[in-house]
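Novice: Structure below; questions to follow.
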Amino acid sequence: MKNKKLLVMAGGTGGHVFPAIAVAQTLQKQEWDICWLGTKDRMEAQLVPKYGIPIRFIQISGLRGKGIKALLNAPFAIFRAVLQAKKIIQEEKPDAVLGMGGYVSGPAGVAAKLCGVPIILHEQNAIAGLTNKLLGKIATCVLQAFPTAFPHAEVVGNPVREDLFEMPNPDIRFSDREEKLRVLVVGGSQGARVLNHTLPKVVAQLADKLEFRHQVGKGAVEEVSQLYGENLEQVKITEFIDNMAEAYAWADVVICRSGALTVCEIAAVGAAAIFVPFQHKDRQQYLNAKYLSDVGAAKIIEQADLTPEILVNYLKNLTRENLLQMALKAKTMSMPNAAQRVAEVIKQYSN
């Protein structure tokens, strides 16, 4: 009997791509074939084939920040992308399509509707992006990570890597820690410039009380090392973190942005967090962070309010006991079966 096939529509950032990979791998274990639809110039083009998943491309890009010419050409570009996606769908003959966000999802979702293929949509953020708002009107089923993006969609969490759930629980991790509090600073793959420029001034005041690890992002090690100056030996600086599960588990508290995937990873491992949301116009990261801050698992410091003094005052008053309580609360908010639940819905609605 022929295997069923899923076409994944996701691209642009890790927040869209990694959860989609988790769902794809879940279905691969159940004898499903997977094909990916993306764009050639975004991260999925290099990343997805490393997981043994074939990928095909359409031409589409975002309009934010583009000039008037791009806006005038947009209807033609979208129409062309829909036709390209329709041709690929007719060739691949998927039993369902999964939309996980990114520019590619829009025209590909419309093409799937035209071809009569069931559309399962997953919104990773606490507020839906424009593409998913529009696709939500034609999707067969809409799922969401947080309870605030769509009024009536099922809340399933964000599919995250399984190794995060395999870490010991916070009370076990914290049980033999008596040394300095451990602070992990995560800037993400691009690095968070505001964190890179603020933390050296924080470490200068707290290096004798706290232990720091700082992931600074691509190409930023030299610049940030210079900012640390004479305190450089007091902090471990890395460009990337290869083993995020281990890094989260090492930390007593994590300072980071609050992208949807990061928030769900922190919940999965059970870690206390200080979130500095990126200043989106739609407050996307702030609303993601509230998922944990509202239950006392995290502290939010708005970027406009972030100063070395505010961070120093907050950090120096922390104890391992209150960080453990925050970590335990974060763990209660995790949804370990997100990838499996999305996979179940895909199977339920597939042709």
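Just so it is clear, glycine is given a Cβ too, placed from its N, Cα and C backbone atoms.
What Swiss-Prot records for this protein is below:
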BINDING   T13, G14, G15, N125, R161, S189, I241, A260, L261, T262, V263, C264, E265, Q285  UDP-N-acetyl-alpha-D-glucosamine binding site
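Burial and contacts for the listed features, if you can.
Specialist: Its own atom aside, the Cβ of E265 (UDP-N-acetyl-alpha-D-glucosamine binding site) has 23 Cβ atoms within 10 angstroms in the protein chains shown.
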Novice: Using other CB atoms within 10 angstroms as the count, which residue among the binding-site residues I241, L261, V263 scores least?
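Specialist: If we count Cβ atoms within 10 Å for the binding-site residues I241, L261, V263, the smallest count is at I241.
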Novice: Where does L261 (UDP-N-acetyl-alpha-D-glucosamine binding site) sit in the DSSP three-state scheme?
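Specialist: The residue in question, L261 (UDP-N-acetyl-alpha-D-glucosamine binding site), is helix (DSSP, three-state).
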Novice: Just how many other Cβ atoms lie inside 10 Å of the Cβ on T13 (UDP-N-acetyl-alpha-D-glucosamine binding site)?
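Specialist: So the number of other Cβ atoms within 10 Å of T13 (UDP-N-acetyl-alpha-D-glucosamine binding site) is 20.
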Novice: Cβ-Cβ under 8 Å from R161 (UDP-N-acetyl-alpha-D-glucosamine binding site), same chain, 6 or more residues apart: which ones?
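Specialist: In sequence order, the residues whose Cβ lies under 8 Å from that of R161 (UDP-N-acetyl-alpha-D-glucosamine binding site) (at least 6 apart) are F18, A22, M244, A245, E265.
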